[in-house]
Amino acid sequence: MALARPGAPASRPLAALLLLLLLLAPALTLLGGTMPSETPGVCASDPCMPGTECQALENGSYTCEPTELRGCATQPCHHGALCVPQGPEPSGFRCYCVPGFQGPRCELDIDECASRPCHHGATCHNLADRYECRCPLGYAGVTCEVEVDECASSPCLHGGSCLDGVGSYRCVCAPGYGGASCQLDLDECQSRPCAHGGECHDLVNGFQCNCADTGYEGARCEQEVLECASEPCANNASCLEGLASFRCLCWPGYSGQQCEVDEDECASSPCQHGGQCLQRSDPALYGGSQATFPGAFSFRRAAGFLCRCPPGFEGDECGVDVDECASRPCLNKGRCQDLPNGFQCHCPDGYTGLACQEDVDECLSEPCLHGGTCEDTVAGYICRCPDAWGGHDCSVQLTGCQGHTCPLGATCIPTLKAGVHGYACHCPPGTHGAFCGQNTTFSVVAGSPVQASLPAGGPLGLALRFRTTLPAGVLATRTDSQDSLELALTGGTLRATLWSHSNTTVLTLRLPDVALNDGHWHQVEASLRPGVLELRLWHKDCPAQLCVASGPVTPAPMASEALIPASFCSAQLGGTAFEGCFQDVHVDGSLLLPEDLGKNVLLGCEHREQCQPPPCAHGGACVDMWTRFHCKCPRPYSGPTCADEVPAATFGLRGTLSAASFLLHQLPGPNLTVSFLLRTREPAGLLLQLANDSVAGLTVFLSRGQIQAEVLGSPTLVLPERWDDGLRHLVTLSFGPEQLQGLGQQVHVGGRLLPADAQPWGGPFRGCLQDLRLNDLHLPFFPPLLGNSSQPSKLGSGQSWNLTMGCVSEDTCSPDPCLNGGTCLITWNDFHCTCPVNFTGPTCAQHLWCPGQPCLPPATCEEVPDGFVCVAEATFREGPAAAFSGRNASSGLWLGGLSLAFRTRDPEAGLLRATAGAHAAVWLALRNGSLAAGVRSGRGAPGAVLPAWGPRVADGAWHRVRLAMERPGAAAARWLLWLDGAPTPVALRGLAGDLGFLRGPGAARVLLAENFTGCLGRVALGGLPLPLARPRPGAAPGSREHFAAWPGLPAPRLGCRGARVCAPSPCLHGGRCRDLFDSFACDCGPGWGGPRCEARADPCGSAPCARGRCHARPDGRFECRCSPGFAGPRCRRPVLPEECSLNVTCLIGGPCDGPQGANCSCQEGFAGQRCQTPCEANPCLNGGTCRAAGGLFECICSARFSGQFCEVVKGLPLPLPFPLLEVVVPAACACLLLLLLGLLSGILAARKRRQSEGTYSPSQQEVAGARLEMDSVLKVPPEERLI
């Protein structure tokens, strides 16, 4: 049941209250007024009985008649309506109906069901002033608008899903459950799914079969169990199937029902004498490089054990004692004594060690005195004594060199033999003998080698010193009956070759990095030892001044029967190509003396420098060939001294047609190299062509200043450089066999006989050609000179037309091209004009204005097209702006940028501004001390503005700004700004065109220094400077003044002059004043600080001493007095307890200080006790972390410290006074405002609630069409409607 108007009964007490007020109203009116003064009638006393009414008669009496009910007395109003008398008549009344009724007497019941308020087929029951909806099954609510969710109570059990219906629900049960609410657990075992007597166990949504003791398995016990399928037998045993059973056949060494027991053969400890027992059934003992048993593990061989015997025992069970002396372990003739599980060696004198393997070092006792070097020997030692000492232990001072007779240059070496003092002479190179009287130096010439035969038997090899300038040639050869050893030079470097007499090269050694043909003496040696050939060179460029190369010789050369007696070998010095000198030649250790070598030997070594003075002309390179010289001539020169020049040929002199042609007897090949010298200023022309009668096979020509080559059937070859610059160039072109197909035998040079035939390749050539060659074939343009008429056989006849010998220039100074009195000078097919002082340019046509000094200091003159500009710095102080106009600027002048230099401390000022209407402007300004810029130009372009203020530039320093278009010539592009020459510009935001509105008749006025205090330097528009200074009076003006000062304005003050802040100097105590334009800065001397160097600086304020006390010195510096154990300028270096000695080494070049302690003075960036690592000494203080990189260190300090070593304590900020009023007053105002807003929100919410609850609205009745007569309804006062 649902009530349509829950608030209707509450209106009845209100109606009763209203009725009481209406009844009392007349009485209150009477109390408030005065009754009229009438004479009371006979009925005034109401004499009649109740139920009767007194009626006055005319005779003054009355009669009592029965009362006739009228008006409200008759109770005319129905359904509890209120009857109120109405009008003067007693029978008048009016009915005020209660809600739900209407009509004159409230006899009509309003049907609230007329609007059909009930939904979903519900039945509406009309009641007094309300209705009631009786809802069908599945719906609820006042008007049955809500569908009842039968699934809300979760009626489905065991995880079932509920499907809601109208007045019903349906459960979709989880697997294994059933029933209307899934309350039933389904029994899957009812169908007896388990076979072969398996026991079924019911599960949720399933079942489980227990197949125990059935002999079957599977989900339903349907499969017969195969006991061996699970491989129950361990250790690779074989399984035998049985009926519900199995049996395992074990390998030897295993037992158990399932062969799971590995029988321990080592349990009885079979290995004797502490041998280790190893079971063969252990797989870890198989495989790998350290395996005990060979091969892979196999169960077939797993039974048994192996004994690993300790040293000294052997046998299957280690029962046999080994004789350790059987292997003769004692070395160096030591006597071996066998011991149980060992041996002992009794060593001879001079040896020690377990096996007598160590040679006793008798040098450990340092027996050699006076700095002698000890060399250990068997049971003894040998002392290598210094020059002045001798004896067994260098204890005898040698006196043999006193009064020696060694010649000058030789070294006297004192000796002591059998107690007798003597001496020996150590001879310088080139001498030999007891007193160095024999000369070992001699010379050989090419083609006259020196032969020698000498006894063999010494160490096989060659050793000598030589001197030569030839790059190649055989130095010496040693030959015996089987092999030959050769020393030779190849390309100036040393080579040793060993070969057998069967002409088989056994080994070749080279030392390729050192050139030995420099004319100096060089010592070399090639020695042949058993199986090894070694080559040695003593040279200053070698490591440790010795270069060594060696290689194995297999098989090693062996002496055998010889072509000459076996006890002799032969030697040859020099050969067909070598010329030079030898000395100290040793063959197999035997010295060869010049007097024993025959007539081809020249005693001594005389050599004259062949290239001094330089014999080669024209830059030829001279090569010293020992007895002669050879000149390597550059082209086009030749001859013994490069004095002969191949004559050049001038083609097309004075416009004549020139050409040359040659006929080749045979084609060059298989490769072709074309080379010639070229000089021209013409960008096009035919150079060379190889052709037959109809087709050109190869054409070389000039096109646009570049040399190109066309080969028949191949792409065009282009040499990219410019060759038409008037200089002489060597041109070389190479072609392979695949490019030489169809090459003709006719060679055309400089053009063709018919000029039209050369037009496809630029026409006839004009210029000079010289020394033309095809490979090594020279093509002469002129007949050879007398005596040099040998013509190559490959070249046939040749012809030429109008060639001029030599490289002759055109007369380019006729007529004279130089203007304004310039002097013309011919520079090979070009000219150079030497201009007067006031003119310049290629023809002296350009007037120079600045040499006449038209500008007065401090202005400087700068040349511009058609004139000059006086450029100067100017000072402005908030005065009128400087203005300029470009109305005279040429229309061809492109204005795509501007530049400006300034210096100021003014934070707000204009630097440059120009405006032409609403769509063209440019400006540079200072805003808040930073730079602002913008450009607006170009049709449809939005304009470009600097997106953000840049760095502060109002600092008194000079700054230079350049503003330019990114793409010159574009209709609109980005603008870029460079400040102070920064490599990367800043891009303005937006696009704009050029500054063309600043030139021409309608040019915009350019304003400089608006409201500006500071200096302006050079200001330029499109590269042309603005004339901040005016020319001196009387100076000749230029032919065009592109930008001129606006007439009528005063001239700016020239020069940059700020306030005289440094005169006199405000800096105290010798500080240096720096002028910063209207401001200054003081550079203080040592010991002083502050803005004006007025305060004495505390040098110890930064706590520079790491481990010591800091003391200030009078000169303003500090001194660290270190704590014990530390030293150094800042007491960071620990002092070691040991003194400086050979055992104390400072790394990285640090010196060692003493004697109190060994202390390394480390270089910058290194630390530690020995300067080995930067961070080892932990130089960082106060918990800082040291980080080393590249030999340097850096201290990472904690938050409270700073400085290089974290030695400075950061200052703590002082506590600021708490701003009480600034915090409390705003907080109180905010709280009061929040309180007022809360009260206002509460009032509005209450009003809204009262208006929306408990109000009767007849809108439902009006919609239903029921006519409501408001005049017959009790009007509820507004106050009650709000309840």
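The backbone N, Cα and C atoms fix where each Cβ goes, glycine too.
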Cross-link partner of C1093 (disulfide, per TrEMBL) out of C1084, C1100: C1084
Candidate cysteine (C135, C151) that TrEMBL pairs with C144 in a disulfide: C135
Disulphide bridge to C173 as given by TrEMBL, partner from C162, C182: C182
Cysteine paired with C385, where TrEMBL records a disulfide bond, from C374, C394: C394
Among C309, C330, cysteine joined to C318 by disulfide in TrEMBL: C309
Separation of alpha carbons, C436 (disulfide bond) and C1100 (disulfide bond) (Å): 74
Of the disulfide-bonded residues listed as C309, C394, C1110, C1197, the one whose CA lies nearest the CA of C182 (disulfide bond): C1197
Integer Cα-Cα distance in angstrom, C1197 (disulfide bond) to C259 (disulfide bond): 71
C97 (disulfide bond): tally of other CB atoms within 10 A of its CB: 26
Long-range Cβ environment of C1110 (disulfide bond), under 8 Å and at least 6 residues apart: P1099, C1100, A1103, P1104, F1118, E1119, C1120, R1121
Alpha-carbon distance [C144 (disulfide bond); C1093 (disulfide bond)] in Å: 97
Cα-nearest neighbour of C385 (disulfide bond) within the listed disulfide-bonded residues, C97, C250, C1206: C1206
Nearest recorded site to C250 (disulfide bond) by CA-CA distance, among disulfide-bonded residues C394, C835, C1206: C1206
Positions on the same chain near the domain 'EGF-like' (607-643), where near means CB under 8 A and six or more residues out: 445, 467-470, 519, 579-581, 675, 677, 730, 770-771
Candidates C385, C1122: member of the disulfide-bonded residues with the richest Cβ shell (10 Å): C385
Alpha-carbon distance [C436 (disulfide bond); C394 (disulfide bond)] in Å: 28
For the domain 'EGF-like' (185-222), distant same-chain residues with Cβ under 8 A (at least six beyond the ends): 158, 174-178, 243-244
